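What TrEMBL records for this protein:
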- 809-826: compositional bias 'Low complexity' (COMPBIAS)
- 106-213: domain 'Cadherin' (DOMAIN)
- 214-328: domain 'Cadherin' (DOMAIN)
- 329-443: domain 'Cadherin' (DOMAIN)
- 444-551: domain 'Cadherin' (DOMAIN)
- 550-656: domain 'Cadherin' (DOMAIN)
- 809-829: region 'Disordered' (REGION)
- 670-692: transmembrane segment (TRANSMEM)
Amino acid sequence: MEIVKFSNCNRKRKVQYESSEPADFKVDEDGTVYAVRSFPLTAEQAKFLIYAQDKETQEKWQVAVNLSREPTLTEEPMKEPHEIEEIVFPRQLAKHSGALQRQKRDWVIPPINLPENSRGPFPQELVRIRSDRDKNLSLRYSVTGPGADQPPTGIFIINPISGQLSVTKPLDRELIARFHLRAHAVDINGNQVENPIDIVINVIDMNDNRPEFLHQVWNGSVPEGSKPGTYVMTVTAIDADDPNALNGMLRYRILSQAPSTPSPNMFTINNETGDIITVAAGLDREKVQQYTLIIQATDMEGNPTYGLSNTATAVITVTDVNDNPPEFTAMTFYGEVPENRVDVIVANLTVTDKDQPHTPAWNAAYRISGGDPTGRFAILTDPNSNDGLVTVVKPIDFETNRMFVLTVAAENQVPLAKGIQHPPQSTATVSVTVIDVNENPYFAPNPKIIRQEEGLHAGTMLTTLTAQDPDRYMQQNIRYTKLSDPANWLKIDPVNGQITTIAVLDRESPNVKNNIYNATFLASDNGIPPMSGTGTLQIYLLDINDNAPQVLPQEAETCETPEPNSINITALDYDIDPNAGPFAFDLPLSPVTIKRNWTINRLNGDFAQLNLKIKFLEAGIYEVPIIITDSGNPPKSNISILRVKVCQCDSNGDCTDVDRIVGAGLGTGAIIAILLCIIILLILVLMFVVWMKRRDKERQAKQLLIDPEDDVRDNILKYDEEGGGEEDQDYDLSQLQQPDTVEPDAIKPVGIRRLDERPIHAEPQYPVRSAAPHPGDIGDFINEGLKAADNDPTAPPYDSLLVFDYEGSGSTAGSLSSLNSSSSGGDQDYDYLNDWGPRFKKLADMYGGGDD
């Protein structure tokens, strides 16, 4: 196959081609030369002419074509080089004066067709480029462009002397299908002698690529029950070869189908487009959920002999449609529920559905079609098991309904597919038994409202609260107790519920809100388990005139003169109309200075004005009694004190006293603040004293835990006295053991005695200190007390025998129980003991009495 092209100036001419041997060769409009028939190539047939004529100008050209055979694969590669094709363009035959004249033209190279994947030998000579000026000049030839001096370089080379163009390696049409080169001719000085011409090299496609599927596994779906001709999916393969040639023309077919039920040919494929459609009826997801097809794509238009093939897998999933309604597994379901319970599952309804689980065609929707006119039940669907859960949504009373018989229906979330003969829903019966339980007693009405006047005395019967037991079929008793009574005014009879007052009802009590007093009572039965209910009694208290009005405000200021200001007052009455305002204001007759100094004028029913009656009143604080009378029946009066501070005022009526605030006295808030500070200070002092005492106790508690038989140290006994003189204060008494208790005589060892008993004498009379003594009397009071203590024989320390230590029986030490000793101190003068007072009289008699 050869392509012939003719160069012209404007490149827009329409050229018609003809062959000199039309029986053997023909030329297409694009210049492609092809053989019409198969014949052995002879010398005569190896050369023929091709004519070209412009359809518009009728100009004509011709070219000679020389044919040669390509070497086969079995031929020796080292054969003599075949003759290179050389295309010579004769001079153009142009009309001039009715005769043809030859014109000289530049050199022209036709397109070159070169098969891909050629095995050589390389370099392989393609064509010789020659200029008709090479007879007179020494020329040099070169080529430029992609494949020559541009990437990919070195594929095409040219002999600069002979102009021989050659290819150096096999070509791949899938990489580059066409090369565009430019040939140049210059003299030995590099001067251009010919205009560059274009050389087009077409790479002829060979069938060297298999079809390739875009995906090895194709996934599609088709609804079950689809009619024949339903589109399923499209598979696509591509071939890298020329798609316009047989090498790239693909055909598809199905090699196998698995499973082959209900028919081995459930699907077909369009051999050109790859569209897969159904060709048989009977797709049923419940029987076959998925089909697997092996698809083959073959080039060369599917020629099994010369074409190349490849395969892929098409997985077709049969999707579910709602062709199976849900069906109950039983005709009757049973359940039970305790009365008054809600959100309780009564029964579990089970259905079967052959459609695909967890799809709208499988999911069941339940409804109650009968037996529940008040809407006490509802059916929920378990999303996992598709069961229907019959649930109580409203309380059920056993005394009203003991049993329910419900009619329920189940259907899918989506309607059944067209043409399905089954009914769209399934029905069943649910029998629900109500269980009787002990219910709470209740009060009716609740709350109960009564109206009573305040001031009702204790012991008055108000009303009766009666609770009802809804359990008519249970024999039970009800008892009443008080649950809430904020003011503790009431009591209730535990048997009959009669409510009686135990205190006076007071409408002005802080426990009364908006004239209503609330009390709550409890009614309990003796059922199993016992139940209880609450009831509220609301007492609307009617006001009586039991509160006298008081002046408001209780403190005021005014000037020393009547002008320029007055005191506006009103009354505060805790009663309400008609036992409150309007009020009457007046001043008492005594003391006489009140009406002499002050005057009061009523402004309206609730306000009055207090003014100075005299021209001048000395600054100070005055208590003005005011008589206020309300409008009750009978009316109630009260004398209320108004503290008035009279001060010097400026022209604007404002007090100008420096000690204005001090003279006015402390207010209630200031007094409370001072008291709080005093209390906090006292608490801190008390905490400090407690801490000091506790520390002393801890110091005294550090005793040696030693058995008395093993302790040889002296013990100190507590005599409830302050001790001896100042010289005795240097001893560390904490190092001595202080026994906590005194053992009784019955358990004392022999020889241990305690004789420090208090002597029996009449109690002396000590001087009594006056409540508020004069500072000068304190010294006399102390001296008198000292004398009384000195003459008191009962005051410690007692003059008795003391045992300070016991070292055990059989001691060789002498006895210390007697103070009479002649071994030492016999010549000492003890008369000074008489000067020490009555406490030392005994010693003075023993030692200072001479030889007696």
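Here the Cβ of each residue, glycine as well, is placed from N, Cα and C on the backbone.
Keep in mind that this is a model prediction, so the values were computed, not measured.
The average pLDDT computed over the domain 'Cadherin' (550-656) stands at 82. The DSSP breakdown of the domain 'Cadherin' (106-213) into helical (H, G, I), extended (E, B) and coil residues amounts to 0 helix, 45 strand, 63 coil. Assigned with DSSP, the residues of the domain 'Cadherin' (214-328) fall into helix, strand and coil as follows: 6 helix, 50 strand, 59 coil. Note: the domain 'Cadherin' (444-551) comprises 0 helix, 50 strand, 58 coil (DSSP; helix = H, G, I, strand = E, B). Helix, strand and coil counts under DSSP for the domain 'Cadherin' (329-443) come to 0 helix, 53 strand, 62 coil.
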